[in-house]
Amino acid sequence: MKKDTFYITTPIYYPSDKLHIGHAYCTVAADAMARYKRMQGYDVMFLTGTDEHGQKIEQKAQAKGVTPKQYVDDIVAGIKELWRLFNISNDRFIRTTDDYHEQAVQKIFRTLYEKGDIYKSHYEGWYCTPCESFWTETQLKDGKCPDCGREVVRSEEEAYFFRLSKYADRLVQYYKDHPGFIEPKSRENEMINNFIKPGLEDLCVSRTSFSWGVPVDFDPKHVVYVWIDALSNYITAMGYGSDDDSLYQKYWPANIHLVGKEIVRFHTIIWPAILMALGLPLPKKVFGHGWLVIGGGKMSKSKGNVVDPVVLCNRYGVDAIRYFLLREIPFGMDGNFTNEALVSRINADLANDLGNLVSRTCGMADRYFGGTLPADREEDALDDELKSLALETRKNVENFMDQMQFSNALNEIWKLISRTNKYIDETMPWALAKDEAKKARLATVLYNLAECIRIAAILITPFMPSTSPKILATLGLGEKDLCWDKAGQWGLLPAQTTFHKGENLFPRIDMAKEIAELEALTGVHTGSDAKAEVAPKAEKKQKETSKTAPDGIISIDDFAKVQLRAAKIISCEPVPKSDKLLKLQLDDGMGGRQVVSGIAQWYTPDQMVGKTVAVVANLKPAKLRGVVSEGMILAATVGDSAHVLFLDDDVPAGSEIR
Ligand code: MSP
């Protein structure tokens, strides 16, 4: 039977000296998605690559005394090595310096020119050399580049232009007709309000001031400038514009372009307009993820705050890093990277929850049955809840994966892992082992544990591809057992399962010692999650000095100081060791935030996820039970209980509330 296709792409990376963990974030996410779809039986095409042209590269190569090609070859080899280390399962790797790409780009450029969508004119504007971007006077921020804040220079040159302005209405109509084309939804609003509504200008698509690029074949003093070259990779990699476009016919349109939030604009405005001009179908979805930030700022080489992915992988293993990246940060939002958060996740989720479950179960099977379970069984009503959770988990994971909510998907698997650990405490195998008459019950308990471990091991495969086979091996299972469908079935292990105790999957880490060593090794102080704590004294002083009228009436100006916004709850989990607090990750249309709310007595996390709430957005961050809360959500007090104010689901995240 012919399989459905699934085509997923990452951006193509600039070959800067070294990629950092922020770059790896996008590729790991795309890899998890590609692996998930393959396991579900799709014919997957997963593309990544490098974006190698431009003035910056030309200058760097010059400074090093090598040709641009020599310069990029070296770095690209390192990038490929990094993806091997990260277990990235890309099917293709495109380099914009590949011959077939360059030829196809020339064809695309010529076609657009012949159709009248590209025309020759003059460009005059402010140019930022490091960003390779022209800016208009009004786009500048304090006279500097609005992206990087560096100096810009006045520049004028003959250039070709793409008629982007012509496509404004068609783009907005396309977004309307294809809900879900841009995700998260807040990014669609951003595109319309910040870029399309103010007016799209035609786009400069050629340069004459440098030569490291694809030459315009009918006017070779021009090279194709950045975006037409880079964006076309998604189709040229499939053979578009070549003699053999069978892959293009098979896989295009792509199912997902996964990109960082700062390049959503190029992928949802420029790229669709180019495709419309070429008369080609548009990708089905562009998903703009958030950034890994350190201390509130984007991790980037120019800021010197980058974390080296190789150091982390060598120290903790690739799967721990992959897990951390996709579990810690709700996909779509920015997430603060801290060494502390990383080590906590490894200790709590991987060493304690998962690692312990596997080693305890193997240990007990060894101790009580010499490693092989007897065939006798004795069921108990207690087992039913565990079994039904185990069987539900796959569906729940699928629901979140299909929405690219990796963190929630992992949370579902960890719910099963935690419930299984709790089952050990409830059934007390050590007590059963003391009673000869309870042997069948004991074997049943261990079998149920093994089944839950088997199911969890299959489900973690897209995220932790080298850990799952190791776990399955402890149950005597191999590659043929690693199928997604088998995670939805109970009782696949043989009754007389033999356990094979393996290595300790995730050794526990001594936090204090580790953080010191890690900071010494990387030279980067990531700090802890806490950025600000409200000191009780300061809070009191604030109360005393706030000027309100004696009768408690405030002016409209006072009220206007409170910024209220609509926010969508992306994920929610209890705060450890607290009966009252829930930790919520919110899409607030501004990059996301975390809020801790004292509503755990009245709401379960499941009741909160997906809802839209009102958040006080300019509240000073505070720490509750050691967890940072950046704002508060509004709730009505009714007697002793709280009723959260839920907004209509149609209210987009980020909408101002007045
Ligand atoms: N070459 C362009 C993309 C062209 S796609 C047709 C580019 N390259 S890049 O190397 O600068 O960035 C590649 C990706 O890495 C982008 O999606 C960007 O958002 C992502 N990241 C770079 N730093 C990041 C973080 N600190 N955190 C998360 N992602 C980050 O843009």
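A Cβ is built for glycine as well, from the same backbone N, Cα and C atoms used for every other residue.
Feature list (source: TrEMBL):
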- 13-23: motif ''HIGH' region' (MOTIF)
- Cys128, Cys131, Cys145, Cys148: Zn(2+) binding site (BINDING)
- 298-302: motif ''KMSKS' region' (MOTIF)
- 529-546: compositional bias 'Basic and acidic residues' (COMPBIAS)
- 558-658: domain 'TRNA-binding' (DOMAIN)
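The average pLDDT the prediction assigns to the domain 'TRNA-binding' (558-658) is 87. For the binding-site residues Cys128, Cys131, Cys148, the largest tally of other C-beta atoms within 10 A is found at Cys128. Note on Cys145 (Zn(2+) binding site): other Cβ atoms within 10 Å of its Cβ, all shown chains, come to 20. In the domain 'TRNA-binding' (558-658), the DSSP tally of helix, strand and coil residues is 7 helix, 47 strand, 47 coil.
Those residues of the chain, other than Cys128, Cys131, Cys145, Cys148, with a C-beta within 8 angstroms of the mean position of the Zn(2+) site C-beta atoms are Thr129, Pro130, Ser133, Trp135, Lys144, Pro146, Asp147, Gly149, Arg150, Val152. For the motif ''HIGH' region' (13-23), the DSSP-based tally of helix, strand and coil residues reads 3 helix, 1 strand, 7 coil.
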